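Trainee: Below is the structure I would like to discuss, written out as structure tokens.
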Amino acid sequence: MWGSQHRSFQVALWFLVLAVFLLVGFLHVDFRLLIPDKVQEPPVTNIMFLKTHKTASSTILNILYRFSESHNLSTALPEGSRVHLGYPWFFVTRYVEGLKQDAHLQHHFNIMCNHLRFNYPEVQKVMPRDTFYFSILRNPVFQLESSFIYYKDYAPAFQRAKSLDEFLADPWKYYNASVSLKNVYAKNNMWFDFGFDNNAPADMDYVRKRLAEVEQRFHLVLIADYFDESMVLLRRRLRWQLDDVVSFKLNVRSQSTVSHLTPESQERVQHWCALDWQLYQHFNRTFWTQLHAELSPRQLTEEVEQLRERQRELMALCLQDPEPKNLTHIDDQNLRPYQGGKANILGYNLRHGLDTTTLHICQRMAMPELQHMAHMYSLQFPDKTPKDIPFLKK
């Protein structure tokens, strides 16, 4: 009798220990890892991307063009010989090819992603009501440094300054707000792209209202300084497949043209581009808040590595060398990028002997922005005169 009770006690004790063990494990489970991706839901196909300047936005444009072509979607492309949607003027519908000019007509496209100065009422005439709006920002220190090199010969504010350090030491010596349409690249350029006054005082009440406006109209603002993390979040929001957001870096400069600003100059950028700085600071915070709400740290690490691994696989499949090349070392002129200002923009060489399907994929991943835009234009408007890319004829 006593032996039977003893055995029953041992069994009960064993089950109690097991229950405690399972409970501890249960409490430490990250349930977000157990929730599968919503791959069964249809992908988002109505998308407006505000393409800001010098923010890795050319790479995102490539991603959107590829998705548009592979899913047979319509894209709001620049009209006629234009390469932008009216920039730096405010966007209006007449800048879009194939859009009949009728005050009462709304012609909806699936994707809009070329450079424009944001004008929400006009964009609404082009895009469907359920459009997903997103954009991307970059640390203004690095954004302005890139702009200085790229627009050195175009922006009057940059032309006489020997370096960005020299410009920032006394910017009003070089900057004239009255020629703002050419000088937008020299002061609060991202703020300007969102449709705001880049010369406005950085008054807190004004800034707060404009930030609230951006939050109201845009579902997501990405951060170029964390590009891979941005692609992970974008993929989840759009419910796309991994390959849809894998990319090769486009419109990148050689390191020899990158300036390293002094600490004093970096601090001066925060004051000179105060509107851009507050825009960036605000949406850098919201980006990480959204990212951490969506993924656990472990899940984020895994998905970023998954993205990078797939990029390495495609680079090995497509490219002769994963390192981008100078213009003179790019064999195919259709893969030679436009050269802006003092920047040395790099591109890629594809492997020889690729089969037709692989070549199709690789060409589009490596295709520079202007050539890709011309390609999309020919696909969508085969009866119209093809886009002219003058620098390819040199």
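If you go along the chain as it appears here, the first residue is 1 and each next one adds 1.
Glycine is treated like the rest: Cβ placed from N, Cα and C.
Pulled the feature table from Swiss-Prot, pasting it below:
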{"type": "TOPO_DOM", "residues": "1-8", "note": "topological domain 'Cytoplasmic'"}
{"type": "TRANSMEM", "residues": "9-29", "note": "transmembrane segment"}
{"type": "TOPO_DOM", "residues": "30-394", "note": "topological domain 'Lumenal'"}
{"type": "CARBOHYD", "residues": "Asn72", "note": "N-linked glycosylation site"}
{"type": "CARBOHYD", "residues": "Asn176", "note": "N-linked glycosylation site"}
{"type": "CARBOHYD", "residues": "Asn284", "note": "N-linked glycosylation site"}
{"type": "CARBOHYD", "residues": "Asn326", "note": "N-linked glycosylation site"}
Trainee: Restricting the comparison to the glycosylation sites Asn72, Asn284, Asn326, which residue's C-alpha is spatially nearest the C-alpha of Asn176 (N-linked glycosylation site)?
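Mentor: It is Asn284, whose Cα lies nearest.
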Trainee: Which of the three DSSP states, helix, strand or coil, fits Asn326 (N-linked glycosylation site)?
Mentor: coil
Trainee: Using Cβ-Cβ distances, find the residues under 8 Å from Asn284 (N-linked glycosylation site) that belong to the same chain and are at least 6 apart in sequence, listing them in sequence order.
Mentor: Leu137, Ile223
Trainee: Per DSSP, to which secondary structure element type does Asn284 (N-linked glycosylation site) belong, with helix, strand and coil as the options?
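Mentor: In the DSSP reduction, Asn284 (N-linked glycosylation site) maps to helix.
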Trainee: Got a sec? Which of these glycosylation sites, Asn72, Asn326, has the most Cβ atoms within 10 Å?
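Mentor: Per the Cβ count within 10 Å, the most buried is Asn326.
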Trainee: Give the distance between the Cα atoms of Asn326 (N-linked glycosylation site) and Asn72 (N-linked glycosylation site), rounded to the nearest whole Å.
Mentor: 33
Trainee: Over the span of the topological domain 'Lumenal' (30-394), how high is the average pLDDT in this prediction?
Mentor: 94
